[in-house]
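Below is one structure, written out as structure tokens; comments come after it.
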Amino acid sequence: MNALVRIVKEQVTSFPLILRLAAYETKSKYQMNYLGVLWQFLNPLIQMLAYWFVFGMGIRKSGDVATGVGEVPFIIWMLAGLIPWFFISPTILDGSNSVFKRINMVAKMNFPISALPSVAIAANMFSYFVMMAIYVLALLAFGIYPSVHWIEYIYYLFCMIVFMFSFSLFNSTISVLVRDYQFLLQSVTRLLFFLLPIFWDISHQLGQDHPRLLALIKLNPLFYIIDGFRNSFLSGSWFFQDMKYTLYFWLFTLLLLTVGSLLHMKFRDKFVDFL
């Protein structure tokens, strides 16, 4: 418990520096390009336009999806799950590699190593918020207007940040100790894309014929997050209507955070020896 408390305190006290390092990392990423930081906005816009062209005008042009707010175009339904994944996928990989990549830099600074996964999360947040702003404009364009359920978005955003930090803290420690773990994580991340409710409604398609398989898939906390984002905008249901699943998510996340904190504190003074 002491390790967990210390890790949380380090995130709070280092928060301003975390944001500055994330902003610096974002600027340095694009500084050699003519358009510079503008690519931070163009990249997500181009990705969303590509999916819009394929699924909005091509493959699923006429396939509307029934939701709690009525039938909506498939592209609108899909983007509600795809946009969080655009943040989650790179954050899993960047977060797991954050300590190994930057340990030499922060070793000479008064900066807690445990905050490095937070820097990776904050850096990916910039483009994520751009995509969310574009998505809200798309919702309005299709006649889907704000409701009281949109408030839930804040809750699921908090869920995503806490889980991604817990997962990244754990992964970043294991990745330093076992470098092969990074390659395993890349393969697992690709597999997760197809086991989450992004392109298909898993709950509807597996619920009746394969309830046990659905229950197994829903053990993945990312399912709770992505499904929750979609529910916030398109379902009209509240997270506390399924308290068992909500409690499971938070128990799993807190357990992961605790284990990650213990491992991090145990090996943080020895990280340099593994480089």
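Cβ coordinates are placed from backbone N, Cα and C, and glycine is handled just like the others.
These figures come from a predicted structure and were not determined experimentally.
As recorded in TrEMBL, the features of this protein are as follows:
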type     : residues : note
DOMAIN   : 35-267   : domain 'ABC transmembrane type-2'
TRANSMEM : 34-54    : transmembrane segment
TRANSMEM : 74-93    : transmembrane segment
TRANSMEM : 114-141  : transmembrane segment
TRANSMEM : 153-171  : transmembrane segment
TRANSMEM : 183-202  : transmembrane segment
TRANSMEM : 247-265  : transmembrane segment
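Tertiary proximity for the transmembrane segment (247-265) is limited to same-chain residues at least six positions away from its ends with a CB under 8 Å from its CB atoms, namely 1, 3-4, 6-7, 113-114, 159, 162-163, 165-167, 169-170, 172-174, 219, 221, 224. Between the transmembrane segment (114-141) and the stretches 34-54, 74-93, 153-171, 183-202, the greatest number of Cβ pairs separated by less than 8 Å involves 74-93. Contact between the transmembrane segment (183-202) and the transmembrane segment (34-54) is not supported, since fewer than 3 Cβ pairs fall under 8 Å when only residues 6 or more apart in sequence are counted.
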